[in-house]
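Feature annotation from Swiss-Prot assigns ATP binding site to 58, 59, 60, 61, 62, 63, 64, 65. If you look up Swiss-Prot, you'll see 210-439, 629-797, 855-893 marked as coiled coil. The region 'Flexible hinge' feature in Swiss-Prot is assigned to 438-628.
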């Protein structure tokens, strides 16, 4: 057995794994050499595997699977098969722009070297074969030519994930994915494509035959059903022909009936015309007599009209005289009325004179009764002086009140601004608390309890750090959140252990809330300065230490400086990131931040060299909302001071208001006294003015004296003259009235004559009207008959046209003989024709939904039935041929397949027997004819007390499935020859007993002569395993500084082993 250590990369070192020999025992296509550069964990590494079993052992994360990835990708494998990353660029070592994988494959005519160079920038690969540029297609053709199948789970299960996928395959999937692709040849193992095609075509043909037969049956049934419709259609047509003939005859019968009526009416019309002429001859004399009477009547009416004109003229003159008399009466009344008005005016004048004298007398008495007013003016002057002094005091008070009011308004505005600012602070804090409530409800409930019970603690207690920390710039919140773990971000900070125990007893023990607490140190770590000023680090892009980016209460800041050294962790920019290697070497910083990453450096315990790691920063979640507690407290203090000032101003304003009310009362008293004095002076002046005015009015009334006797005499003379004029008018009126009476008598006599003539005229007109009425009635009867005659004539013409149209005849065309013959067999009256029409229509209506297309469809369907019958017979012959072909192909396919599965079963059973277990493999199907559902069934039994059970993802344990799957793959591998096989950590999950048995089988199988090259990758090994001389063991260590195997002290190893054995005993 050969062993060679495999060490992880160091920068700049080249690793050689294995021995560069063994070419004589290699199978064509085996791997001679694997070279990797900037690939996954390796800077540069070259592996030389042995021809038989190559066991690669190393701790997790050392790079074992990187060798498997190199084999898959170097042989044109897809990244999806590896299941590690979807883009090939991700397989290049971090920080490098390109890398490559190179594989040398053994070939008798000359080894083949395949190189894949991977570019990170464009995620592309460049291929080389024997150091010459090639295409992916050329590589994909070259690899299968060496019998290498990269995507085949049989030679390369590759990873535990792919191995688990294989273990979870169903019977049918196992058959298709393994036997079809990985064992035997297509001719004697896989379900031949031809039998699947024949079976599919046979199914399609059988389905087509079945559908055609069903379709033919439906056609026959439908045609049989429509046969009755055809017969009914012909019955309907016979009824319809009779209806058409009745509809043709009916207009001719209507025409004949109307023509007969026309002849009868034409005869009656001649009789009425003769009688009308006779009555017109008798009416002429009466008309002449009426005209003579009307002439006499007109003469008398003219005379009556003349008398009426004369009477009207006379009456008009009488009316005129009566109007003149009425006018004279009005004039007399006006004179009398004027006399009465003057008498009343004189009486009123005398009354007013008496009243005015009485008023003057009373006012003079009141004026003489008023006291002397000489002492009023000094009192008035004193009142004015006091009034001016009060006004000055009130103005001063108002000025002071205005100043205080303005000052108070300013303070109110400031008070409102401060209150709004506090509200803004509270809103921001509420946002932080709401976020805390959503994500950590227990911590939030503890915060609520703390606010209500702060008096229970002796020292200061700070809320969770995420609430207490306030960023100076929200953009820097991500640095603080990435630096402080979330458990501390949501932790309460105490200054004493005693307070913390009180809090935990209440919150954790009683309320069962899950909260974190920390106790700030007593030493003043928050006051410590960084070892190096930030100015010294600005050349590297650093702009601040972490502590300077936020504010927090002293206990919180003290704890953060103590626990997380926030005062010594600098924050940089993209400039820092671009020169990070220089920063790490020159600054000796243990932690630092760039724009988007956090870097941590430490010294290796082996080499004392600096080792750095970096992580990308997560986005801030809690500290994006900033609340400055000190500023809020300042605003609260300012608000209290403003409220105190407002209270002082209100007290001063109340005092001034009381003084102002006292001055107002004194002012009202002075105003009332001044008003009283002024009213006394005003009243005296008014009395004097009134007396003077009334004396003037009295003088004017005494001067307006009137002589009533003279006025009476003038009125009497005026009335006397008017009475003389009235007497003359009455005399003229009487003469006119006599003349009007004479004319009225003459008019009455003429009216009597006119009445007698009218009576005679009415008698003659009555006789004339009677004759005229009789003549009119006869004329109306004649006109009605004449109109009826014309109507019947037009009706006859219309009916004749209609009858000809019904028979499709021209204006001068005679009725065809066949129509006349058909008409003779039909009824002659309209009632009989209508009755027969209704009967035939009723019968025809029983055949609804029938058209000529029914007959056409019936004929077409009959023809289609013949065609479908011929096609069905033809397909049945084809189906029989397919059955014969499938039977022949089945015999050629199924027997070799059963033989192959028997061989697999022999190998599988042998492997299980060597483990004192039972295993079987057989060909299984539910239905013999469903060839695409043939599957390989694997049944296993691990305990003697159980039965054989099919291998499924649910029945066996994970270790039992791994063992079964591995042995099944080994059974397949005995039948499938390939250059090399790879298994990666398949022993994970196996119990020690099965793992040992499987390992021994792998060693035994892989180390036989003429076997394929084998790569067995594992992170662990059991003790006291059986190894073979032909094995090659490759150890992969976690660094380049491990002791070389040539320098191992084997004697010391043996001594330690003996001591361990002695302790175990």
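Just so you know, glycine gets a Cβ as well, placed from its N, Cα and C.
DSSP assigns residue 65 (ATP binding site) to a helical segment in the three-state reduction. Looking at the coiled coil (629-797) alone, the prediction's average pLDDT is 79. Most buried of the binding-site residues 58, 61, judged by other Cβ atoms within 10 Å, is 58. Cβ neighbour count within 10 Å across all protein chains ranks 65 highest among the binding-site residues 60, 62, 65. In the three-state DSSP scheme, residue 58 (ATP binding site) is classed as strand.
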